[in-house]
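> Provided herewith is a single structure, encoded as structure tokens, for subsequent inquiry.
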Amino acid sequence: MLGLAIAISGAALAVILSGIGSAHGIGTAGQAAAGVISEDPEKFGKTLLLQALPGTQGIYGLLTAILVMTKVGLLGSVIMIDINVGWQIFFACTPIAFTGFFSGIFQGKVCASGCYLLAKRPDQVGKGVIYAAMVETYAVFGLLTSLLILNGINVG
Amino acid sequence: MSVAKIKKINIIAHNDSKKEILEFLFDRGFMEILPAKDASAILVRERRNDEATNTEYKLSKITYALDFLSSYHQDTRTLTEKINQEKKNIYLDEIFKLQNDFKYFEVCEKIEDCGQGFNTLKSLIIKLNEEKKKLLPWKNLPLTENDIETKNVKVVLGSIANDKYDEFCNKINKKFTKINITRVEQNDSCSFVYIIFIKEYERRFFNFLNNNSFKLIESPLGNISVRERIDEIDKEIEGVETEIGKIKSEVQEIANKHFENLQIIFDFLTWQLKQENIQENFEFTENTFSVLGWIKNTELSELKKGIQKITDFFDIIELKIKEDEPVPIIMKNSKLVTPFEFVTSIYGFPRYGEVDPTPFLAGFFIIFFGLCLTDAGYGIILTICSFIFLKFFKFTGGTKKLLQVLFFGGIVTFIAGGLTGGWFGVVLDDLPESLAWLAKPLIAIRQVDPVKDPLTILALSILLGYIHLVFGNFISLSCKIKQGEVKDGLLTSGVWIYFLLTIGFWIATIKGVLPPSVNQAALYAVISAIILVVLTQGKSKNPIMKIFGGLTQLYFGISGYVSDILSYSRLLALGLATGIIGMVVNIVGAMVYDKIPYIGWLLMVLVLIGGHLMNLVISLVGAFVHSGRLQYVEFFKTFFEGGGRIFHPFIRENKYINLIKK
């Protein structure tokens, strides 16, 4: 039972931390976006894109959690896993949890700056989006690592 | 090279043909006109003439008129025509004729008069309504101005809160004699009353009113009774409104008759202003004028021919392009590659003389895009949607290119999805027996399952990255050879190509792709490559320092390429993310269907449509942005700088009309 609990706490950590990162990032970007809209409401579509970018981290966290759930059978018949396996799953979740947390926050800041860029030079907004994607890279790597490790763990 | 060759030219011609030459250049739009810089003593730049100011004045009048009339104009276009912003087709000489015959200036003045009339009448109505509002509480007051004060008696008007009214009446009757208080109107919060009192105790009475929260209201009375005045106001308002109606129908008539013509004149005047303003860049002598500009190499002869038809007194001089001059660029790509100019434009345009990366990145971009999505179902949706948008709406410029890229991307996604067994996130192996007829062929097409076997896709991603980078170095090498810098090219890109190829060779033998018998050879090749890098990459003249520098470059080179190539692993991660989120949507959909009675199926449909749509949009943004990033950051680093300026021709730009040429 303890093994399962540890595995679940890993899944929860992935969702919670990356979710906080995303929420924080989307919040920051959203404030800047609203400021831009107050001047020029026609830019709504583009600001929405910029605001949505830091949202992916939360999704990656969710994705990892779901993978853990399918792994230990939480969505069907539960597999009683060993305590060691529990810890393995827990640590497999940490990469996306932490990279999601930090990259979400920082991506939000870059997206907010992207909104200011949009206000001043609307033709250059593509570059703002690319800058934001640079930050996301590390969440993508975190996700990749988590997925690969999870894939390698044998639940038995 | 897909950046067109450009020449800098100077046209000098006689002033008599200035107008025609200008019109010719404007019509063809193949020149970008430069401000004259090196004005010598004889050449004097003409000052901005009154004509331009005059045109601006006319334009401002028309802008006002069009703005004013826009609410009266009935747009007869259909919805798709509106979205496509379809414009009126018209021939050039029709416009010239209209410009001569149509007294647009008078129409504009007429509209301005109407506008002013409107404003006066509207403010009159506001004034009357305000007076009426003040009078309304007193509509039952049977008094006129003359009754307010008689020899002995006086009347005050005022309001008091409803809940205090009774108490107030009691008090007033107790304290004063011969007083009359009458309520004429009552609303939600207060009562409107008039009080008749005797002048003797006026001061005491007003003190009393002050202390009992009675609000005095200034008498709105005139020489007729309030009711009569209200009727009078109503009549006046009616009169003003018919007046407004008259003006409106007049304006409507103008709108019906002239709106489209005014739009045409607007465009005509914009052209005229542009022509007048561009002359600020000309240089003039008493009899000649001179223009500097850029033109595409291939269009030079056409320019010469065109001017020859106008006059014999001209000369076109080709100028030498200075090294640091910001030459504008015109991208020239095949039809298939043109959409990908959108991808390049996000990063920036190539400088003049630099290679245009668009044809090189197109193939990689689209493959990366497909790998980031890897869902055949999404691929179909994307292809169909972008096709519909392209077919039924006439987008132009960047939007059109983007849609075309998405169209191709959809096709590649479909293929990639088919090969990896991605169909709306459905796990093909878990499909029930009843659907075996569908699952079997799909499983047969599937070459690799990324969820079960991610390492294969990871290897594929990294291999693609390796090819991408080697290819980039080859482009760099070939560009340098074309520019005659053979030695420089070989010593930089050439060395790294050799290095990367030997490493690839070596890894291939280790992995057993190539027979192990060549293992030794591969190892020697790698060692030779390392030695080559160390010997050539140091920049210092001092041999020891040079080797030391070479070692540093080796370290930076290896770590740089390793991190660059690993960066392509995002293709696996994003592809997996799309598939797994799709899977999650399906799981949630199935749960809703199982757990909720009666309307479960309906909710399931909503969950599935909404969920997959959201996944498609998010994954789409991710796929586009990250495929782009792999070009900008990893690929461009090897050969491309950018920072070019796009060619801005001196040409007619139309807001309302579509000019057709005969």
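Here the Cβ of each residue, glycine as well, is placed from N, Cα and C on the backbone.
According to TrEMBL, the protein carries these features:
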type: COILED; residues: B:223-257; note: coiled coil
type: TRANSMEM; residues: B:360-390; note: transmembrane segment
type: TRANSMEM; residues: B:402-426; note: transmembrane segment
type: TRANSMEM; residues: B:455-477; note: transmembrane segment
type: TRANSMEM; residues: B:489-509; note: transmembrane segment
type: TRANSMEM; residues: B:521-538; note: transmembrane segment
type: TRANSMEM; residues: B:571-593; note: transmembrane segment
type: TRANSMEM; residues: B:599-625; note: transmembrane segment
> Under 8 Å, at least three CB pairs between the transmembrane segment (B:455-477) and the transmembrane segment (B:571-593) (pairs 6 or more apart)?
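Since 3 or more Cβ pairs under 8 Å link them, the transmembrane segment (B:455-477) and the transmembrane segment (B:571-593) do come into contact.
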> Do the transmembrane segment (B:521-538) and the transmembrane segment (B:571-593) share at least 3 Cβ pairs closer than 8 Å, excluding pairs fewer than 6 residues apart in sequence?
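Counting Cβ pairs under 8 Å (6 or more apart in sequence), the transmembrane segment (B:521-538) does not reach the transmembrane segment (B:571-593), since there are fewer than 3.
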> Sort out the residues at least 6 away from either end of the transmembrane segment (B:599-625), same chain, that have Cβ-Cβ distances under 8 Å to it, and list them.
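Result: 368-369, 372-373, 375, 377-378, 381-382, 406, 409, 424-425, 574, 577-578, 581-582, 584-586, 588-590, 592-593.
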> Restricting to the same chain and to residues at least six past its boundaries, which positions have a Cβ under 8 Å from a Cβ of the coiled coil (B:223-257)?
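Residues 68-69, 72-73, 107, 110-111, 114, 117-118, 121-122, 124-125, 128-129, 131-132, 135-136, 138-146 contact the coiled coil (B:223-257) from elsewhere in the chain.
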